[in-house]
Amino acid sequence: MKPHLKQWRQRMLFGIFVWGLLFLAIFIYFTNSNPAAPMPSSFSFLERRGLLPLQGKQRVIMGALQEPSLPRSLDASKVLLDSHPENPFHPWPGDPQKWDQAPNGFDNGDEFFTSQVGRKSQSAFYPEEDSYFFVADQPELYHHRQGALELPSPGETSWRSGPVQPKQKLLHPRRGSLPEEAYDSDMLSASMSRAFLYRLWKGAVSSKMLNPRLQKAMRYYMSFNKHGVRFRRRGRREATRTGPELLCEMRRRVRVRTLDGREAPFSGLGWRPLVPGVPLSQLHPRGLSSCAVVMSAGAILNSSLGEEIDSHDAVLRFNSAPTRGYEKDVGNKTTVRIINSQILANPSHHFIDSALYKDVILVAWDPAPYSANLNLWYKKPDYNLFTPYIQHRRKYPTQPFYILHPKFIWQLWDIIQENTREKIQPNPPSSGFIGILIMMSMCKEVHVYEYIPSVRQTELCHYHELYYDAACTLGAYHPLLYEKLLVQRLNTGTQADLHHKGKVVLPGFQTLRCPVTSPNNTHS
């Protein structure tokens with residue numbers, strides 16, 4: 001009898017041990033998971049204002065952060081302006097004083113990143129040879145556990161649309177709903193601490209300062225290389241160009257180009273008489289005097305910039321960004337509207353009949369292969385913008401409506417990459433950057449609002465949608481961070497306007513006085 005009793009006790013102890021392990025595993029799983037975080041789609045990295053998610057449709061942005069945004073009260077804004085990087089809200093690793101001592105905010109090569117990251121990494125730098133190629137293999141999928149990302153396979157969803165999800169799941173929890181310990185140093189340093197914003201204003205930030213989730217998403221797109229980017233460096237990198245030097249280089253190279261119906265396959269499809277007779281670049285041959293580019297960032301709310309915006313000769317807006325109900329902050333005038341291809345392709349946006357897209361100059365775009373192969377693009381666009389374009393042109397033949405040529409879009413990408421010391425995402429620039437360059441080609445002076453965020457910076461993606469995500473400001477699919485750093489170098493406006501209004505002032509290309517020949521003029 002005793003042996004049986006002993007065996008029974010052993011089995012009971014073993015069962016208790018197994019149940020204990022199971023309970024521990026379940027406890028660890030639920031404590032490490034983040035059920036409040038939205039599941040990301042395969043793109044959805046819409047920039048904060050350029051490729052707008054449209055009204056009534058929510059998206060998930062990969063690399064989304066679940067941190068609270070900066071306080072938007074006047075007192076908080078004043079504190080931000082009065083603060084000094086040597087006494088930041090949450091200091092970055094390394095000595096902040098080095099930023100002020102080094103020219104252009106940089107020390108030298110590897111040391112700059114080493115001091116910020118705490119370890120040496122060469123992955124962000126160009127190789128020594130004159131060209132490099134992005135990897136084009138299938139990347140490893142990340143999982144949405146313990147703060148990581150789960151990225152669907154490239155064929156599952158488009159680069160600009162994610163699954164529609166209940167709105168409440170897309171919103172950040174408010175500060176009052178989270179325990180105090182949730183606001184730890186990881187959250188504050190994630191994307192837009194006071195120190196980070198200060199350095200963004202100075203142009204002294206890098207991707208190594210982004211939170212790990214955005215960095216992971218950026219690495220994903222680096223390895224995926226959907227558009228087949230094969231960048232060849234033609235001359236030395238010019239990340240240290242001065243603002244005037246960079247402006248002259250851009251003036252020499254940037255030529256706004258749209259489909260004119262002369263190239264195959266469009267020439268064989270009868271597009272020549274369909275497109276506007278006057279090219280976009282010649283609509284205002286004498287140039288507009290003063291123009292505004294109004295980003296759709298949530299930070300523009302409570303800005304009272306509407307009257308100033310409407311005072312410009314021309315105003316550019318993006319996608320479905322409305323003015324009705326927001327006139328005090330964004331104004332009412334719209335001259336040009338840049339729209340992504342989803343607006344044309346998705347019937348829910350009522351592109352043909354909506355008043356939002358009437359009585360304005362329309363400029364549409366869709367990502368094409370880096371090779372700018374028009375035949376391949378026509379057969380497989382991200383969204384079929386060609387059919388609705390034809391329908392719109394036939395119904396409203398007098399309205400100026402253009403489709404940007406892929407070569408123009410990728411030319412802008414080349415300029416960003418050549419003037420950036422890091423490898424940037426091999427994806428098209430944001431609509432915001434495209435719009436800025438178009439207006440610099442058409443206007444004598446361009447005022448850009450809330451592209452580089454002001455003290456009102458918030459993770460609210462767009463002023464007309466209750467949707468929060470840090471990736472809207474710093475990007476992950478688009479090379480937004482690098483675009484902003486480049487525009488910061490071009491800014492001729494005041495620091496006060498940048499801080500309080502989020503306003504950057506850029507000269508139009510036609511007003512520049514550049515040397516006839518330049519020693520750096522090595523690009524074709």
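Yeah, the Cβs are placed from backbone N, Cα and C, and that goes for glycine too.
Per Swiss-Prot, the residue from CYS248, CYS291 that shares a disulphide bond with CYS443 is CYS291. Cα separation, ASN332 (N-linked glycosylation site) to CYS443 (disulfide bond), rounded: 20 Å. Mean pLDDT for the topological domain 'Lumenal' (33-524) in the predicted structure: 75. The Cα of CYS461 (disulfide bond) lies closest to that of ASN302, out of the recorded positions CYS248, CYS291, ASN302, CYS443, CYS514.
With respect to Cβ neighbours within 10 Å, the disulfide-bonded residues CYS461, CYS514 differ, and CYS514 shows the lowest count. Shown are the disulfide-bonded residues CYS248, CYS291; the one with the most C-beta atoms within 10 angstroms of its own C-beta is CYS291. Looking only at the disulfide-bonded residues CYS248, CYS291, CYS472, CYS514, the one with its C-alpha closest to ASN302 (N-linked glycosylation site) is CYS472.
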